[in-house]
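S.K.: What follows is a structure written as structure tokens; I'll ask about it next.
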Amino acid sequence: MASLLCNARECPGGGEVRGRAPGHPDLCRGKSGPWVELALLHSGASLPHRGCWDRAWQRRGQVGRVDRKLPSAPLVAKGVCLESVPPPSQIKGPRGVPGEGGSKVAGRSARIPPPPVMQPTLPPGIQLTDTLEQMQQGTLMRKVKSKSWKKQRYFKLQDDCMTIWYQSKRTGKTESAFSISDVETVREGHQSEVLQSLAEEFPPERCFTIVFYGRRGNLDLIAGSAEEAQCWIQGLRQLIEVATTMDQREKIDQYPSCGHHSALHTQSFPHLLPCPSPRSFPLTSALVSRTWIRDWFQKADKNKDGRMNFKEVQRLLKMMNVDMNEDHALRLFQAADKSESGTLEGEEFVLFYKALTQREEVLSLFQDFSEDGKKLTLLELVDFLRQEQLEDEGTEELAMELIDKYEPSETARARHVLSADGFLMYLCSPEGSIFNPRHRALWQDMSQPLCHYFISSSHNTYLIEDQIRGQSSIEGYIRALKRGCRCLEVDCWDGPNGEPMVYHGHTFTSKIPFREVVSTLGKYAFKTSDYPVILSLENHCSMEQQEVLAQQLKAILGEQLLTATTDGRVPTQLPSPEELKHKILLKGKKIGRLEDTLDGPGDEAPDVSDDDNGAEAEEERRRVKKGKESLAQALSDCIVYCKNVSFRGFQEARSHSRPSEISSLAEAKARKLIRDAGNEFVRHNAWQLTRIYPSGMRTDSSNYSPQEMWNVGCQIVALNFQTAGTEMDLCDGLFSQNGRCGYVLKPPFMRDEETLFNPSDPGSREGPGPITLTIQVISGQQLPKVANSKDGAIIDPLVRVEIHGVPADQARQETKYIENNGFNPRWDETLQFQLHVPELALVRFVVEDYDKTSRNDFVGQFTLAFANIKPGYRHIHLLSKDGTSIPPSSLFVHIRISEPPDPEQD
């Protein structure tokens, strides 16, 4: 029995209904009939092909479909039986044809208006291919978490082509949804440990892995056939490419501008905007994608009918952190409800959202520089860029470029003027960000010795959880490398069948084959950065398995593995990142010195460094001392520029050590050296590498502050990348510059072996006195809700600005909190800081939800090096706790940097 339902879950013939996946028709049958599809029309969908249906009808503002096979069945819309209406194919007389004024149906006096055909608005660059249509129909696949956990789920691409939903087959409950913008890549075949463990059960052509940004776990899937797997792999890759390559103009929700305000607003909100004066029109946020707006719509549309009544809108406002007067919210709602149906759908909701997002503070700034309040001429824009943004080079060319790039009106672009909408688009763009866009790309000298750079470094990279029972995974290496990490750690122990294994010794962490780690390294080492990777090898293997280590390193990595100096000579200083491009350097114990290797094998016993895990290091010392263990020559020969040596003091190192040697220090020992001999530590790091690692007591994989180690020039400051928090924010903030290549050049006074600089004495730094950093925190935009907060809870946001640098510069200040407004809070507060060593300072902006009875809750943050700050009016695009973007959440600030006057000019 077929039916004629619109979003109904009942059979009009009284048959039994069996639920299926979202977007799939349910099944219904009579007492003895076969199961047939119960066709559903979701509000907002386009008309079906005529092979199934005659026509869509509209009655009382609700859409139903009529099937030609049921001449006497009642019309049902949204599960509510309205009346008995035979389908047009069964009506005698002329067929009704929808027109602009509606359809006249034979035998009836009522005029039925045509159904609204609401085609989903696809993001720019997406063409609805057969592959995407198949994904929209949905596919049953296995979601896999382990060798024993394999459960069937329905996966479906939503109409916006930017959201994936999946649902349990057994319960029919939607388990989760994710956005295409959250997906980093799709791996084909057995590209995860879980899928590799199922290689004998499922062929690789049916398997794929969805990899997300940040610390979110991957999604391993097994399709029913190779064809279905390819459909999803190719479709997802197509959508990911679109999501990552859209330029600014494609991402923004464009609309035509006319005069001083958008035509969209005058047409859509006549009651709110009765011919406003140039000084009173509302400026709305144009930098919002339709996908993001649609996500909110779907969250608040509780009954999933594609429409939103006022009660649902009130619920949405709570979800969006808006505490709005009910009368005002109702006025906005009624103004957007152009159809006067008492509900918002599609474009009506977009208009409602735009009415919410007025930016009066930006409008005021715009009008300060606009003579007529309607536009910025080219010269007015140049004045703004010079006076406020402190752009002093090629300003006219920059102004022309910004108009061409961000002005949505073709007419305005032709006249070389910038409208208010274009002005906001510029301020929300990368050029309007607090982060200097020139420093995003590779901008530093990469020809200095390795020891002259801070190097992004990971501790126990194979662990993705804690240090005692956590899982070991090649995923730890992939994630670290993709974040620009350039120094990885691997702990090797004897494994079964002569295969070395990687895990945290003397703990319950799981194990992975060394071979897999090396293969992963070879595949991913240079996808994010061309510059060298240092593999810190903790070798606990027997002689036999050390030979295997060396063999696997050479066989798998080939020419990527550095096994000789760059020029064949004994180095007097370390080579540069530029000279070592696409090379993997092994750090570990070595027999003899490097010069012995160049002349022939040495016979000196390997030195033992102060490397990780004090108990293990002590055990190694006993082994060497008793002569029970030695180092395989083949493995020793793989160590070139990073030979582990024990640290016995700065004078000893200066007298007997080499630039090609490296010491590893626990965080506590490093702190003691910083306190007792800060300047000597800086000098030491000007010519030799130093690695710092976390205390063995940090079994929860917590981190120490890397800033104090960077203050003395330590290059390899190893952190637990799997643990989010302030420490990883600082690490991400420092290395987000210079093309995210994992190398940041140290300041000149830290590259001089005779430097007088001591971080505890800022006066030891040669140069002008302290500079003043003044930050006006103006407003916030669409701040996210606190994770796991109660329904209806609205945040009370405050902004804290932290300075991380030398001890004299460490500081934090915060604004007052704004009650019940996470949507568009206004602070208008000024914070001021003195920076004695700005070259080492990192600035962290933190938004928290104020709580007077307990600790404030984290909302978002953004961290960057002071050197990368652009002055002027800037947006700060906030990041989540794990470092991923949370658009369109941002802060709007004004930055001033004041340097002390030159004494010679006084």
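Quick reminder: no glycine exception, Cβ is built from N, Cα and C everywhere.
Feature annotation from TrEMBL assigns active site to His459, His504. Positions annotated as Ca(2+) 3 binding site by TrEMBL: Asn460, Glu489, Asp491, Glu538. Among the features that TrEMBL reports, substrate binding site is placed at Lys587, Lys589, Ser664, Arg691. What TrEMBL lists as Ca(2+) 4 binding site is Ile794, Asp796, Asn820. According to TrEMBL, the feature Ca(2+) 5 binding site maps to Asp849, Tyr850, Asp851. Among the features that TrEMBL reports, compositional bias 'Acidic residues' is placed at 597-618. What TrEMBL lists as domain 'PH' is 133-241. Among the features that TrEMBL reports, domain 'EF-hand' is placed at 288-323, 324-359. What TrEMBL records for 635-751 is domain 'PI-PLC Y-box'. Feature annotation from TrEMBL assigns domain 'C2' to 751-880. Taken from TrEMBL, the feature O-linked glycosylation site applies to Ser339. The region 'Disordered' annotation in TrEMBL covers 86-121, 595-625.
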S.K.: Which of the binding-site residues Asn460, Glu538, Asp796, Asn820, Asp849 has its Cα closest in space to the Cα of Ser664 (substrate binding site)?
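M.R.: Looking at Cα distances from Ser664 (substrate binding site), the smallest one goes to Glu538.
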S.K.: List, in sequence order, those binding-site residues among Asp491, Asp849, Tyr850 whose Cα sits within 10 Å of the Cα of Asp796 (Ca(2+) 4 binding site).
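M.R.: Close binding-site residues: Asp849, Tyr850.
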S.K.: So of all those binding-site residues, Lys587, Ile794, Tyr850, Asp851, which one's Cα sits nearest to Glu489 (Ca(2+) 3 binding site)?
M.R.: Lys587
S.K.: Closest of the recorded positions to Lys587 (substrate binding site), Cα to Cα, picking from Asn460, Asp491, His504, Asn820, Asp851?
M.R.: Asp491
S.K.: Give me the Cα-Cα distance between Glu538 (Ca(2+) 3 binding site) and Arg691 (substrate binding site), rounded to a whole Å.
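M.R.: Rounded to a whole number, the Cα-Cα distance is 13 Å.
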S.K.: Quick one: mean pLDDT on the domain 'EF-hand' (288-323)?
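M.R.: For the domain 'EF-hand' (288-323), the model's average pLDDT rounds to 71.
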S.K.: Show me the subset of His504, Lys589, Arg691, Asn820, Tyr850, Asp851 whose Cα is within 10 Å of Asn460 (Ca(2+) 3 binding site); these are the recorded positions I mean.
M.R.: His504
S.K.: Pairwise over Lys587, Lys589, Ser664, Arg691, annotated as binding substrate, what's the top Cα to Cα distance to the nearest Å?
M.R.: 14
S.K.: Would you mind reading off the Cα separation of Ser339 (O-linked glycosylation site) from Ile794 (Ca(2+) 4 binding site), to the nearest angstrom?
M.R.: 31
S.K.: Quick check on the domain 'PI-PLC Y-box' (635-751): DSSP residue counts for helix, strand, coil, in that order please.
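M.R.: Computed counts for the domain 'PI-PLC Y-box' (635-751) are 47 helix, 24 strand, 46 coil.
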S.K.: By DSSP, what is the split of the domain 'PH' (133-241) into helix, strand and coil residues?
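M.R.: Here the numbers are 32 helix, 42 strand, 35 coil.
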S.K.: Minimum Cβ neighbour count within 10 Å among the binding-site residues Glu489, Asp491, Asp796, Asp849, Asp851: which residue?
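M.R.: Selected from the binding-site residues Glu489, Asp491, Asp796, Asp849, Asp851 on minimum Cβ neighbours within 10 Å: Asp851.
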S.K.: Fewest other CB within 10 angstroms, which one of the recorded positions Ser339, Asn460, Ser664, Asn820?
M.R.: Ser339
